Amino acid sequence: MNATWSRFNITSVVLGFAFLYLPIVLLIVFSFNESKLVTVWGGFSTKWYVSLFHNQGLMDATWVTARVGVISATVATVLGTLAAITLTRYTRFRGRILFSGMVFAPLVMPEVITGLSLLLLFVAVGLDRGFLTVTLAHITFTMCFVAVVVQSRLVSFDRSLEEAAMDLGAPPVKTFFHITLPVILPAIISGWMLAFTLSLDDLVIASFTSGPGATTLPMKIYSQVRLGVTPEINAACTILIAVVAVGVIIASVANKRREVQRQRDEQAAQRG
Amino acid sequence: MKSLGSIRRDFAPWNDPNAKPYIQFDNVTKKFGDFIAVNNLSLTIFEREFFALLGASGCGKSTLLRMLAGFEEPTAGRILLDGQDLRGIPPYRRPVNMMFQSYALFPHMTVENNIAFGLKQEGMPKPDIEKRVAEMLKLVKLEQFAKRKPHQLSGGQRQRVALARSVAKRPKVLLLDEPLGALDKKLREETQFELMDLQQELGLTFVVVTHDQEEAMTMADRIAIMDKGEVMQVATPAEVYEAPTSRFVAHFVGNVNMFEGKVAERAANTTRITGATGAQIVVENGGNTAAGADIVFAIRPEKIKVSSKKPADAVNALEGEVYDVAYLGDMTVYHIRLDDGQMVRASAMNASRVSEDPLTWNDRAWVSFRPDAGVVLAR
């Protein structure tokens with residue numbers, strides 16, 4: 001089909017993108033606002049970015065978020081990968097369908113329920129709410145996302161690679177670390193990044209499970225906004241957007257490059 | 001030094017009653033749930049033999065190979081390699097290596113690391129590994145591709161890397177699972193001969209699984225034809241083709257004409273058969289059939305002569321009409337409908353450019369064959 005720029009097409013594209021990005025553009029624009037009033041443009045300034053770095057509360061929250069994100073994403077990746085391997089490989093144990101359903105249920109579980117139930121658990125076992133509990137909570141809810149990503153890669157994994165390694169004399173553990181892991185590593189990395197991102201922007205579950213001294217950035221932003229939106233928050237959000245955008249762009253460019261290189265190699269190989 | 005050809009010519013340990021079997025399947029059964037993949041199968045393979053397991057998909061040939069490699073354990077029976085029972089020995093401790101149908105090259109490793117993988121597991125010293133890898137690359141003529149990754153190679157090159165990797169450890173037995181299945185026809189034919197030479201050069205025992213009868217006939221010393229988890233016949237390619245022992249084998253390998261009938265008369269050297277439709281056939285090798293038995297007479301198309309007049313000296317001659325003619329260049333295939341309704345396929349080499357006895361559609365024709373041209377099989 002030939003893409004023609006009819007009036008209708010242009011209108012729908014403009015409307016669609018405006019719908020998606022207008023709020024974000026507005027936020028970025030007002031982060032450079034001279035005026036303290038959020039909705040009144042008072043000239044260009046970067047002073048809110050400067051004052052942001054002097055806001056100890058926001059900086060602390062950022063540090064907490066980063067640590068929670070890295071730790072929970074890493075643990076969730078290990079657990080999620082193990083779950084994915086078990087569920088794709090050991091297809092014959094009793095209740096497999098029930099188990100795989102149970103692993104993926106948190107994907108569709110309302111966050112409020114996950115948060116509340118975790119809170120109840122922590123209270124029941126007498127765990128003081130703080131850094132540990134919010135990290136545990138994030139591991140719990142991001143693990144299943146990792147499992148989904150890794151499992152989709154494992155389904156198309158050629159088992160004969162492992163058989164070949166064993167045939168050549170590598171015991172199962174060595175086979176896993178030398179063959180299986182390197183081959184599925186890209187999926188594991190994607191899983192980690194997804195888990196990290198989810199942890200980074202989670203507000204609901206963190207609100208339930210966090211305690212004093214472990215306020216995450218989304219919680220901090222939310223609580224400040226309730227006292228009134230300041231351009232400082234806009235600046236913080238703009239930085240967050242920039243970090244995420246850069247990450248996504250780097251990942252997709254690298255991916256695309258690898259793809260193109262691979263295709264070129266394959267064509268070269270076919271030519272002889 | 002003996003040439004490769006003469007080694008091959010004199011090689012026939014299966015006819016030597018004193019020869020020691022190298023690989024032995026002893027009443028091996030393998031079940032997957034209720035499905036019986038291999039059914040009480042016994043088979044012996046000799047050292048340095050090029051052995052082919054031939055059969056349609058699902059006949060159990062791959063299962064047999066995987067049991068030898070150690071990926072599956074037999075449900076019952078035992079497998080011996082050089083006198084040693086293989087039960088309970090995991091794949092990574094068996095002195096056999098396998099070349100996989102998908103090649104299973106490690107995508108994240110270069111060609112040389114792929115080949116070195118098995119040697120590293122053995123704990124071979126580094127200089128020795130380098131030497132062996134170089135040797136292997138030379139063997140498969142891939143010296144300049146050592147640093148490439150598998151996806152940078154063509155299909156034929158990948159196949160050769162897989163081969164080099166599987167023989168690098170000098171296994172006692174090399175198992176090949178449809179080794180040429182992924183190659184195009186021309187490359188496949190070349191590679192068949194390369195594989196045969198390689199096997200002779202390395203002096204290894206090869207067990208190859210294939211569904212391609214031409215491939216099996218070309219390469220193997222002996223072929224085991226399998227059906228539904230059982231071995232139907234084990235014999236040299238010529239025996240399988242010329243002296244099949246069952247209807248299934250006759251049908252499976254090559255083209256064949258089958259005449260159903262009864263043994264009318266049994267003499268010392270000749271057996272007279274009355275076809276179900278009345279045709280009288282005289283054969284020399286009646287097998288061990290008794291008079292009155294229901295049998296099938298099987299005869300290959302190229303053993304049947306087609307002519308427009310009845311040959312004067314023919315023992316067996318049947319009349320019919322040309323139903324179809326297919327000119328294939330090197331030969332012509334005729335389908336003749338005999339007057340009793342039976343269809344016969346006959347093929348004639350086009351030895352001269354112009355046929356002396358041209359036959360075309362709807363011509364009257366005679367098919368004739370010698371008494372020793374076919375085989376009598378139980379029905």
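Each residue, glycine too, has its Cβ placed from N, Cα and C.
What TrEMBL records for A:62-252 is domain 'ABC transmembrane type-1'. According to TrEMBL, the feature transmembrane segment maps to A:12-32, A:64-85, A:97-125, A:131-155, A:176-198, A:233-254.
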Inset, instruction - Look at every Cβ pair spanning the transmembrane segment (A:131-155) and the transmembrane segment (A:233-254), keep those 6 or more apart in sequence, and say whether at least 3 of them are under 8 Å. - result: no
Legend entry - Within-chain partners of the transmembrane segment (A:64-85) [C-beta distance under 8 Å, separation at least 6 from its ends]: 103, 131, 134-136, 138-139, 142-151, 154, 184, 188, 191-193, 195-196, 199-200, 206, 214-218
Inset, instruction - Decide whether the stretches the transmembrane segment (A:12-32) and the transmembrane segment (A:233-254) have at least 3 CB pairs under 8 angstroms, with pairs required to be 6 or more apart in sequence. - result: yes
Inset, instruction - For the transmembrane segment (A:97-125), could you work out the same-chain residues 6 or more beyond its ends whose Cβ comes under 8 Å from its Cβ atoms? - result: 83, 87, 133, 136-137, 140-141, 143-145, 147-148, 202, 204-205, 207-209
